[in-house]
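So the structure is just underneath, and the comments pick up after that.
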Amino acid sequence: MAKEIFMPKLSSTMEVGTLLQWFKEEGDSVEMGEPLFEIMTDKINIEVESYEEGILLKKYFKVDDEVEVNACIGYIGEAGEKVPDNPPAASEESESVENVQEEASAEGQEQTVSTDSDQEENKDGKVRATPAARRISRENDLSLSAISGSGPNGRVHQQDVEAALVAGVIAVTPLAEKIAADHGIDLNQITGTGARGKIEKQDVLSYLEKADEISKETESEPAERIKLKGLRKAVADKMVQSVQSIPHVTLTSDVDMTNVIDLRKSLLPVIEKDTGYRLSFTEVIIKATANALMKHPKLNASLIGDEIVMNNEVNIGLAVAVDNGLIVPSIKNVNQKGLAALTQTSKELGKKARENKLKPDEMRGSTFTISNLGMYAIDAFTPIINGPETAILGVGRIVEKPVVVDGELTARPMMVLSLSFDHRAIDGAPAAAFLTDLKANLENPYSLLV
Amino acid sequence: MRELTYLEAVREAMSQEMRQNEDVFILGEDIGVYGGAFGVTRGMIEEFGPERIRNTPISESGIAGAAVGAALTGMRPILELQFSDFITIAMDQMVNQAAKIRYMYGGKGKVPMVLRTPSGSGTGAAAQHSQSLEAWVAHVPGLKVVQPSTAHDVKGLLKAAMDDDNPVIFYEHKLLYKTKGDVPEEQYSIPLGKADIKREGTDVTIVATAIMVHRALEAAEELEKEGISAEVVDPRTLVPLDTETIIQSVSKTSRLVVVHEAVKRGGYGAEIASMIAESEAFDYLDAPIKRLGGASSPIPYNPELEKMHVPQVPDIIQAVKETLNKA
Amino acid sequence: MTKFDVAIVGGGPGGYVSAIRAAKLGLSVALVEGRDLGGTCLNRGCIPSKTLLKNAEVINQIKDAKKFGIQVDSYSLELKTMINRKNQVIQQLQNGINSLLKANKIKLYSGYGTVDNQKIITVDTGEKTEKLEAESIILANGSKPFVPNLPGLNEVPYYTSDTIFDIEEVPEHLVIVGGGVIGLEIACIFQSLGTKVEIVEMADRIIPAEDKEAADYLANELKRKGIGMHTSAKVLELKKDKKTVVKLEKDGKETSLETDSVLVSVGREPNLTGLNDLSINYEGKFVKVDKSMQTNVKGIYAIGDLIGGYQLAHAASEEGIRAVSHILGETHPKDFIMPRCIYTFPEIASVGMTEEQAKAAGYQVKAQKVDLAANGKGIASAENSGFMKIISEEKYGEILGVVLAGAHVTEMISQATSFMYLEGTVEELEDMIFPHPTLAEGMFEAAAKWLDKGIHY
């Protein structure tokens with residue numbers, strides 16, 4: 001019997017996947033484990049392998065289609081087997097699981113949600129309206145969907161329809177009406193200057209003139225419009241959510257990097273020989289950060305719901321800029337890794353990220369994030385926390401600056417660290433203490449060996 | 001006009017009828033010299049004698065059975081149950097005998113009897129003596145169900161109940177016994193199945209029964225201060241129900257709040273709400289129908305909890321405002 | 001020095017209407033009038049001419065009575081009574097204006113005012129001078145008959161519209177120089193009174209500013225009544241002989257008319273008395289204003305005949321109201337839709353553009369004319385001479401102008417004005433119900449015919 005091919009759900013936040021390419025055509029034979037198609041999720045591009053072997057019988061979607069997770073996107077089976085012409089509904093098993101979850105959470109929030117009046121339409125697109133409102137709109141040939149309801153959940157009441165009826169009566173002179181109709185102008189767009197706002201010929205003509213000007217303006221410089229989707233959309237959503245829900249506080253501190261530079265110089269050849277990768281300042285900072293996090297576990301915590309989760313592992317996320325956004329691969333158990341292992345892991349993850357080949361697991365589980373803009377002419381900035389983490393470290397460039405050492409003015413390679421923390425979970429003093437320890441670690445990196 | 005208490009009006013209705021109709025008599029527990037649990041028949045045994053004011057053993061089933069038998073043989077008995085909760089014991093006689101006989105014998109026999117009984121909470125009589133079970137009997141074809149709310153209504157409705165050739169369950173509310181109102185001295189009859197608009201209004205219809213009529217009126221008074229005009233409809237009889245008056249009122253106001261003391265779940269308010277939803281008033285509804293009723297628990301003995309169990313004036317005000325999106 | 005929100009110079013239909021409107025809208029108002037309240041219109045124009053035209057109409061009816069089976073054996077005219085009636089009418093209307101000014105607490109200064117840029121008006125009452133100051137000033141000085149510099153004119157007696165309404169004797173022969181509205185109306189008055197009337201017009205037709213069909217129609221009707229018409233005729237010279245001799249040049253040939261009286265009505269010129277100290281701009285002889293009636297001096301407005309244009313009483317009133325609106329901050333003046341009436345026998349009434357003007361304005365014009373010859377009410381009352389003409393734009397049926405010619409049309413033009421003002425189109429005009437029988441039905445017929453749906457046409 002033919003087996004369905006499903007759009008996989010690769011992360012907890014994934015709702016749809018975009019088909020990037022099919023590796024097989026209908027009629028091709030497919031081996032188990034052979035790449036079947038590639039998709040883009042909100043986090044990653046990934047090749048999906050076949051769980052079945054047989055003939056690819058049907059492809060329901062084409063490249064660039066957005067497909068809901070668990071939806072059937074095709075069939076694999078024996079040659080000549082019949083499969084439906086249209087994709088069947090998403091598999092019941094997985095959906096029922098989702099539903100149970102939704103219901104459970106809905107029940108828990110019922111008290112607060114039920115009075116919420118934002119949602120104007122039910123999920124099925126039906127307008128919520130009272131029978132009286134429906135009757136009057138029916139009698140007056142008015143579309144309920146155009147009326148905004150004043151009742152709970154946006155329910156349309158009789159008075160809303162009546163108000164819409166009154167508002168809908170547009171006073172217009174016959175001539176103005178003809179001209180507007182001739183130009184296909186919605187009279188609602190026009191402000192009348194006649195008695196009690198009656199729309200007159202001149203009002204329509206002015207509107208036409210203005211519309212003409214606007215269209216001329218827009219014609220001259222058509223700006224490119226890029227729809228927020230995929231990774232860009234995921235980044236956008238996450239940033240908004242973080243900024244809107246987390247009270248950010250950012251602390252900065254100057255770090256003298258003289259000793260780190262020395263350390264890197266001496267370790268660079270060793271590690272390169274060992275792993276083939278070149279040690280960068282990033283790995284030293286990761287190491288120093290992990291060390292400080294061990295002493296200040298609060299900064300390594302996650303704030304989930306109304307609980308602060310004290311994470312056992314120190315997994316450091318490393319913000320990597322990719323073509324269309326930002327990906328944060330996670331380096332696991334940093335505190336247990338030496339600089340060589342760290343260098344290897346971080347370089348490999350960075351490469352995968354840039355090539356869009358990270359596995360979902362490699363993007364999960366970070367407990368603290370580092371964002372390094374040191375390769376640019378940036379000193380300090382205010383990084384946005386990667387929730388549910390409670391802190392993020394922003395790393396600036398290393399630049400020679402005049403500093404006073406032992407009463408003498410001298411030039412030193414200095415770097416600014418910017419620590420943003422979630423003030424709901426962490427107060428200023430512990431955050432400052434962490435940053436102070438981190439600064440000490442970096443100014444005396446050999447202490448990391450202790 | 002002369003004022004009487006609700007209780008006196010019940011007594012007067014029976015006495016006046018008994019003076020002119022030899023077939024009418026009362027039977028019940030301790031209704032003789034003691035005058036009944038609430039004193040409704042007090043003094044009647046002196047006028048009508050123990051033959052017509054008959055004390056019975058403590059057996060509601062027996063009382064009801066005797067009344068059915070007497071009615072079948074041409075008498076017009078009135079039986080009194082001390083608390084409406086005890087109708088459970090008389091249920092078989094009422095439901096399977098009284099309600100069915102006229103139908104099953106093709107009208108050759110009839111059961112003209114009135115079962116009078118006090119219902120409702122508010123007296124601290126706790127879970128077994130405070131219920132409002134009118135929905136049970138209203139469910140049974142063959143029984144008429146009356147719930148008067150004023151002294152004036154109770155006299156006229158009882159006359160109509162006594163005149164009716166079918167068994168009538170006549171609910172008197174314990175807390176209403178002491179309420180006063182203008183009551184004509186002569187006999188008069190208020191037809192069963194005729195609702196009374198106790199207060200006219202334009203914004204919302206409150207259909208309330210028994211003591212809830214008074215709470216609804218009080219709520220309406222308060223609402224008027226906020227510019228909300230509530231119409232209070234008292235159905236007076238649940239069976240037969242004056243659907244026309246209620247439909248007209250709801251068609252006018254577009255909003256309905258039903259209030260009764262009986263437990264909301266499965267209460268008679270559900271019947272009124274459904275009736276409206278099925279009627280031509282549906283297209284005039286501009287808000288979901290609201291029902292107010294007792295909580296889904298036995299009636300507590302604690303006086304505060306007892307009050308909380310049943311709808312009070314602020315609850316009605318709140319419900320009305322919710323239908324108007326003004327809560 | 002008393003200070004007002006608005007001071008208005010001139011108490012004619014522009015000035016006094018502005019004054020009352022301003023007062024009604026809460027402004028303190030001064031009105032300066034050096035002569036008679038009501039201005040030219042009431043004292044020397046519209047009202048006296050309409051009063052005497054009524055006399056003429058009555059005479060015409062008596063003359064026509066025989067047609068209706070009524071024999072009037074003899075009648076005689078008393079010019080003195082006619083002029084007295086005219087004066088009573090004027091008096092009654094003047095009293096009316098006076099009481100309106102009082103009721104609206106408008107301070108009336110009787111005397112000629114001189115206005116300066118500081119918006120101070122010096123009023124010379126003849127006995128003393130008074131000064132008043134105003135935030136805004138509306139100049140409504142009006143106009144006076146223009147007397148051209150014709151050779152020999154000063155040697156002969158002549159009337160203007162200022163003097164002719166007080167004439168003491170009906171002349172036997174009247175030559176009217178100027179075939180405009182004023183000349184034609186006066187021609188009709190005297191023609192009825194039995195005077196031999198001749199009109200001399202320099203242009204190739206009378207009422208040259210009006211619709212050509214209407215002008216031609218009117219010329220024919222007047223000729224039929226016996227009024228002499230000399231169009232394209234230039235007055236060369238006037239001479240006093242036994243009678244007055246008017247020498248003309250027409251079609252290159254010289255002729256002369258002998259007459260006992262001459263009326264000069266070739267137009268009107270603005271009355272600029274008291275404006276010398278003002279640095280306002282002019283356009284030709286007239287004061288230049290913007291759409292809101294404001295001159296180049298902020299706060300000084302000018303309206304009515306002073307600014308030229310329509311030179312109609314109702315135009316002056318509307319311009320005054322517009323000036324007051326602007327003083328009160330309203331800034332969206334619309335184009336005027338101005339009705340124009342000629343009270344000759346028959347009457348001509350029009351509104352909006354003439355066909356020629358509409359074409360010149362670039363519209364796709366479709367005009368439709370309907371003759372009143374077959375109109376039921378017209379035939380019944382023997383008033384079926386005339387026509388109704390709708391000038392419309394083709395695409396939307398927008399009504400650009402209407403011309404009516406015939407009896408009572410001055411009372412019907414407001415219907416057309418309403419349609420234009422409310423932006424009704426030919427379709428609505430056709431759709432609307434007209435009562436039968438009326439002359440006004442002609443408008444329905446014209447609209448229906450315009451839409452190729454005519455009933456009787």
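All residue numbers here begin at 1 and follow the chain in the order shown.
Heads up, the Cβ atoms here are built off N, Cα and C, so glycines get one too.
Since the structure is predicted, the reported quantities are computational estimates derived from the model, not experimental observations.
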TrEMBL annotation, disulfide partner of C:Cys41 among C:Cys46, C:Cys188: C:Cys46
Residue among the recorded positions C:Cys41, C:Cys46, C:Ile182, C:Leu184 whose Cβ has the most other Cβ atoms within 10 Å: C:Leu184
Cβ neighbour count (within 10 Å, all chains shown) around C:Lys50 (FAD binding site): 14
Packing count at C:Gly113 (FAD binding site) (other Cβ atoms within 10 Å of its Cβ): 28
Rounded distance in angstrom between the Cα atoms of C:Ile182 (NAD(+) binding site) and C:His436 (active site, proton acceptor): 34
C:His436 (active site, proton acceptor) and C:Gly180 (NAD(+) binding site), distance between Cα atoms, whole Å: 34
C-beta crowding around C:Gly178 (NAD(+) binding site), within 10 angstroms: 25
Under 8 Å by Cβ from C:Asp305 (NAD(+) binding site), same chain, sequence gap 6 or more: C:Gly14, C:Thr40, C:Asn141, C:Gly142, C:Ser143, C:Arg268, C:Pro270, C:Asn271, C:Gln311, C:Ala316
Between C:Lys50 (FAD binding site) and C:His436 (active site, proton acceptor): CA-CA distance (Å): 28
Nearest recorded site to C:Cys46 (disulfide bond) by CA-CA distance, among binding-site residues C:Gly113, C:Gly178, C:Leu184, C:Glu201: C:Leu184
Residue pair C:Glu201 (NAD(+) binding site), C:Lys50 (FAD binding site) - Cα distance, angstrom, rounded: 23
Neighbour tally for C:Gly180 (NAD(+) binding site), based on other Cβ positions within 10 Å of its Cβ: 22
Cα-nearest neighbour of C:Gly113 (FAD binding site) within the listed recorded positions, C:Cys41, C:Gly178, C:Leu184: C:Cys41
Model confidence over the domain 'Pyridine nucleotide-disulphide oxidoreductase dimerisation' (C:338-446), averaged pLDDT: 95
